[in-house]
Each structure stands twice: as structure tokens, then as C-alpha cells.
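This report concerns only the one structure given below.
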There are 2 protein chains.
Amino acid sequence: MIVATTIAELKQALKEWRESAPSTARVGFVPTMGFLHEGHASLMRRSKAECEYSVLSIFVNPLQFGPNEDFDRYPRDAERDLALAEANGIDLVFMPSVAEMYPKKPVTKILISEVTERLCGASRPGHFDGVGIVVSKLFHLVQPDRAYFGMKDAQQVAVIERMTEDLNIPVEIVPCETVREADGLALSSRNVYLSQEERAQAVILSQTLKAAETWVKTPGMTKRALSDKIESSIGQASLAEIDYAEILTYPDLEEPDAAADLSDYEGKLIIALAVKFGRTRLIDNRLLELRGGGIHV
Amino acid sequence: MIVATTIAELKQALKEWRESAPSTARVGFVPTMGFLHEGHASLMRRSKAECEYSVLSIFVNPLQFGPNEDFDRYPRDAERDLALAEANGIDLVFMPSVAEMYPKKPVTKILISEVTERLCGASRPGHFDGVGIVVSKLFHLVQPDRAYFGMKDAQQVAVIERMTEDLNIPVEIVPCETVREADGLALSSRNVYLSQEERAQAVILSQTLKAAETWVKTPGMTKRALSDKIESSIGQASLAEIDYAEILTYPDLEEPDAAADLSDYEGKLIIALAVKFGRTRLIDNRLLELRGGGIHV
């Protein structure tokens, strides 16, 4: 496994591989912020299974953190990350410094509207601008055929799919299922922030989402009524503070008709949660494919 | 020469060529809005000379025209363009419809600040946002090694150079010298709009720029004094209406110190003009490489 910390090293490694590989060989790419867990590992294994060469990037991107967010304390463990990458079939790791990625202040911004209006786009202003520029830079540097993203960040997937479509970036975005702990908590590098009690209560997100899948089938269930049930369910966890709990169409992330009977809805809906436990903000979601009169996940 | 009107045809032609070409073979790209003239032809010939495969695009991009600009009446002549492309060594022409390039309204914007604050960025609001998105899309579709742009649009060159740098787009931007008529008028597809009298007077732009190259050497010449001389020179043409006449640093396009003696300036300055003759807006510029105490173009 090659570890590149500069763009020149990355390009050299890719060039050498491409020159020796057949022209049909594919490059798979897993962009991450490091502190890797089994969720990331599942993306790496999928890349390994589907592509001839797998690239992982580890870069905590300052531009996607707000001024009061956790950029400085975001957990890092390069040594463990590299061992996990190697164990999961990665061929090349790109691990640049901030100065390598942003040698000067970029004057170019990528602004994505509409799909960023709600959820994390609303509660983290500027977040998706930062995601847009860094993902675009990484795609240009690695030039992958496929890029793997976890559906825990469902809005990020929707944003990146729309950006690559709008800009004709030649990469296939592959959304991958969220990986969970045994009790249902979605894996996240931020889970390490949780105290023991917070960790115990954090299971309320996945439990509520699972219950909501049943609630939505109740005849006459409106968006408002479903929201109320979701919020009161999360409220059972005494330490939980709701940032948002929304029911939206997917992948456009628009509000469904407020008066509609959701049990009759046909199409994809996403129930998306962001909940704070102390200073730690967790997100989770469930994508429901509804065909009217019932549910088929 | 292959003519592709759809993205699928373009990609197929590029794929077939890339599969048969050696891995070191280069793709040159000349993006245009058509109604080709000798300026475009010089870009095509340079691509042909430097690259194994040359791609020309012809697309009048609605997003870079303002609501009161000349999108609808912008001159078009596909047949003549294709003949000129073939005669100048182009291998593949991409000539898409607006619906092919923008199948739906993009929610992604590329906003470039600082280098777009003055000149055409100031007098044509939104123009460079439109340039940014279309050039980025075309780069992703063609994936060229080199892209050729005329220096008549010097600010466009500066903007595209900065965008590709900020986003790490893997393409080399090659700025090419402005091609001129015998009397000095810079070639432009918009020159066909000019009446006989306007055409005769339009030579004032290149004449003024040439004179300014001498004026700037005068000891004690300030930006303000040079501006006055330039404006009164253009004022000799009775039909000329100045949109802007600016002296800026290049490629950052910032104002030099107003009080400075320009004859002592060291570095690159650009004198950039936009002048209207009736409804027709012409631009021209001259890049000066100053080393203090004299001029060396």
C-alpha cells in the first residue's frame, strides 16, 4: 500500500498504476475524514470488490466546519487508519496537509442550492460549500471511476450526486448502506465523544427511525402527526436535544404535501434526524420506498 | 473529422480514440462559441501542433449572457465553422444543443471572486459564473490535457486559470496571442455587427493600446494620468462609448497604487478596454511586462 502525503506523490502513484493497467481497469475511491470505523471499512471492501485499484483519502477538511464546530477536536489516528486501510484492500492512501490542499485561499466556490436548503444545509451554514469544493478537488486529483459514500450522510450523497451531474464530472457515485452497532447506533467517528450515559441513550435515533417505518403505514398519517410521534419518541431520551427531525422527499429533499396521507404516498421519503447529546451532534436517517397503501423498504 | 451533437457521441468518440492511442498521447481542446475566425483557427493549429488529438467545441452558452445581452442575435454559421475546423486539423467537434448541456436547471454554481471583480466581471454581472460552469462541464466531458484560449479575453484566461488551480482540474491552460486584422482590430465574432463607419473607428482600441505602451514609459506617469490619456485617445472616435478602460496588475487584476510612477513599475500590468460602438461592445487589451525604468513587452 502506497501512502502519499503530497499531490505530486499521489499523481505519480496513479500515473504508474494507470500506465501498467489495462484501459478497462477501474479506480475506486473512498474519501474520508479519517478516524476510520467499520462503516468506512465496508466502503473500502466494496471498492476492492468492484474496482482494480482502490484509493482512500484521509483529510479533515476545515472548509466544511463552521466556526463553532469541532474541527480542532475532530478525532484523528493516522496509524490505526493506515492499518485498517491496508487490511481492507486499499492500494493507495492520500493523506495531505491543509496547506497541500489549500496552498492559497481559493477564490473559487462551488455553491449548491435547493438540495442543501434543509437538514444539515440549514443547520450548518456553509457546510456543503466546503464539501462541494473538497470533493470536487479530490475527484480531480484521483479521477476515480467510482466513488463510495455512506448513506448515513444521505444529504451529502444527494448533494454530491447533483453536483457531479450538473458539472458532468466523470465519476459514478455509489451510495452504500449505513453500518450500525449491535444495538442499532449508526457508526460515526463522532461516537467517541459520547459519555457512557449519552452512548446508552443515543440508540433512540435508530429505534425511533425503525418505529417511524411502522407509524408511516398507519392510514391517515400526516407529516405533522408523524413528526410529533418522532419528536416525542426522541424526547424519551433525557439527554437528547433535537437539532432537526424531518420527513422529506428523496433525493430532492423537498417537503411532501403537509396534508397528504403518508400511508398512501408513492415514492421515496427520507426521515432524517440530527440530535445533540451534550456537545456531540449525531445524525441518522432511514430511506423509505413507499408504494401507497403499505411500505416496502 | 467526427461531429458529435450529444454527450454520448462525444464520449464514445473519445473512448475509441483513447483505447487505440498510446497512453502518452495528448488531447488538445479549443472551446468556442462558434462563428469561427482566424483567432480561433490559430488556437486550433496550436492544438494540432502540440497534441495528438484535437477537440473543438461550439456552444453559445446562454448562462454567460446577461438578460439584455446578445444571446439571441449572437452570430452562428455551423457549416462554415465545420469547414474551418476540418481545414485546421480538428479531429472531433462537439456541437451540443442547450438542452443537451443543461437537461435541467443546474443547482450547482461555480462562483469565482476577486479576479472577477473588475472589467467584464463588473460590467457583465453573472458573466463569469456562466463561463465557470460551462468551462468546467466541457473540461469534465472532454478531459483534455491542454486547453487553448485567446488572450483577447484576458480576464477569462485569468478566471479559468484560477478556477482550474483552485479545483485541481487536471488540464493545462494555454493562453494564446490575440490575432488582429491588418489595421490592428482584434478579431472577434462580434465584429460582424459593426457598420462600415463603426468598423473604421474601431481601430481606435488597438491604436490606443499601442500608444499606451509608449506613454507608460514617461517618467512620472501615474495610473490616473495614463487613464486620462487613454480615455481622451478613445474619445477621438466619435462613435465610441467607453464601458471601461482600466490599468490593472496581471493575473490578479488588482489596482496598482494610484500614486505610483508606472514607469518605475516592475511586474505585469494589463491595459484592458471595453468600448461600445452602437449596440456592439468590443474588448481588447495589452499585457505589459514592466521591469522599472523602461518597457519590455
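Quick reminder: no glycine exception, Cβ is built from N, Cα and C everywhere.
According to TrEMBL, the protein carries these features:
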type	residues	note
BINDING	B:33-40, B:150-153, B:V179, B:187-190	ATP binding site
ACT_SITE	B:H40	active site, proton donor
BINDING	B:Q64, B:Q156	(R)-pantoate binding site
BINDING	B:Q64	beta-alanine binding site
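Rounded to a whole value, the Cα-Cα separation of B:M33 (ATP binding site) and B:Q156 ((R)-pantoate binding site) is 14 Å.
The shortest Cα-Cα distance from the residue listed as 'active site, proton donor' to any of the binding-site residues (B:Q64, B:M151, B:Q156, B:V179) is found for B:V179. B:L36 (ATP binding site) sits 18 Å from B:Q156 ((R)-pantoate binding site), taking the Cα positions as reference. Ranking the binding-site residues B:Q64, B:Q156, B:S189 by how many Cβ atoms sit within 10 Å of each one's Cβ puts B:Q156 at the top. The sparsest Cβ neighbourhood within 10 Å, among the listed binding-site residues (B:L36, B:V179), is found at B:V179.
On the backbone, the CA of B:V179 (ATP binding site) and the CA of B:Q156 ((R)-pantoate binding site) stand 16 Å apart.
Taking Cβ-Cβ distances under 8 Å and a sequence separation of 6 or more, the neighbours of B:G39 (ATP binding site) in its chain are B:G150, B:K152, B:T178, B:V179, B:A186, B:L187, B:S188.
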